[in-house]
Amino acid sequence: MSRSARRKTSALNTVLRVVEVFASIQGEGPFTGTYSVFVRLAGCNLRCPFCDTRYAWSLEAGKPLGVEELVEEIARYEPSLVVITGGEPLLQRHPLNSLVEGLESLGLRVQLETNGILPAPARDEQLWRVYHVVSPKDVPVRVPGAKLHPSWVDYARATGRAWFKFLVANEQHVREVAEYVAKLGIPRSRVYIMPLTPEKLDMKELLELHSRIASLAVKWRLNFSPRLHLLVQLP
């Protein structure tokens, strides 16, 4: 590879297309309630009809930001956790590894949210060491084109740093999740079910939905994830 080509590759690996950076609490999954900085990356490989961040679907929706500049912006918030979300963050895999390296150099914990279509990190990637919350969309919501890459199950077993989170609306959905994780050999301790929230629910309806899904989690011996940020009206 020529010197100019190497410079070009290096530049690509240190620039991310970023939709937004903001502070909130992590409202979902194993780190619920943690003060966090969210980094929303542009681009997604799915078109989920229930998606509440459609503005991040296109790669062009993001502003190009250098990794060093982005790390400095994140550090100013002094977060307990950095949540990298999307879109689908792994579409920007190479610069994402550079971002993780920069964040870890500051001693920051990193959690990545993914739909699990793309392969799990390899051992030689910076991403191998971060926490992952995988939200498969092939069960029970069945989004076209969604299929969990089998490497995520192996990654979870090898590292203990991955959890699987499923959107559910009723008991049939929960039954499908239970059958799915049993077939793949995913321990229930690594599985969360979370309410699939339609648009325009008032607070009473939102609380009732959370109560129903939480009761189903107990019945089926699964972990329950609220959507805490919705309940407390944070971004």
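Cβ from N, Cα, C; glycine included.
Fair warning: this is a prediction, and the values are worked out from it, not measured in the lab.
Annotation source Swiss-Prot lists substrate binding site at Ile25, Gln26, Gly27, Arg40, Thr85, Pro235. Using a 10 Å Cβ-Cβ cutoff, Pro235 (substrate binding site) registers 10 neighbours.
Residues or ranges marked as domain 'Radical SAM core' in Swiss-Prot (evidence: sequence analysis): 31-235. When averaged over the domain 'Radical SAM core' (31-235), pLDDT in the model lands at 97.
According to DSSP, Cys48 ([4Fe-4S] cluster binding site) sits in a coil region rather than a helix or strand. Per Swiss-Prot, the feature [4Fe-4S] cluster binding site maps to Cys44, Cys48, Cys51; the stated evidence is sequence analysis.
DSSP classifies Thr53 (Mg(2+) binding site) as coil under the three-state reduction. Contacts of Thr53 (Mg(2+) binding site) defined by a Cβ separation under 8 A and a same-chain sequence distance of 6+ are given as Arg40, Gly86, Gly87, in order along the sequence. The feature Mg(2+) binding site is assigned by Swiss-Prot to Thr53.
Per Swiss-Prot, S-adenosyl-L-methionine binding site is recorded for Gly87, Ser135, Pro136, Lys137. Pro136 (S-adenosyl-L-methionine binding site) falls within neither a helix nor a strand when secondary structure is assigned with DSSP, and so counts as coil. Other Cβ atoms within 10 Å of the Cβ of Pro136 (S-adenosyl-L-methionine binding site), summed over all protein chains shown, number 26.
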Near substrate: residues not in Ile25, Gln26, Gly27, Arg40, Thr85, Pro235 with Cβ within 8 Å of the site Cβ centroid are Phe22, Ser24, Glu28, Ser36, Phe38, Val83, His229, Leu234
According to DSSP, does Thr85 (substrate binding site) fall in a helix, a strand, or coil?
strand
Excluding its own, the Cβ atoms lying within 10 Å of the Cβ of Ile25 (substrate binding site) add up to 19
For Lys137 (S-adenosyl-L-methionine binding site), list the number of other Cβ atoms lying within 10 Å of its Cβ atom.
22
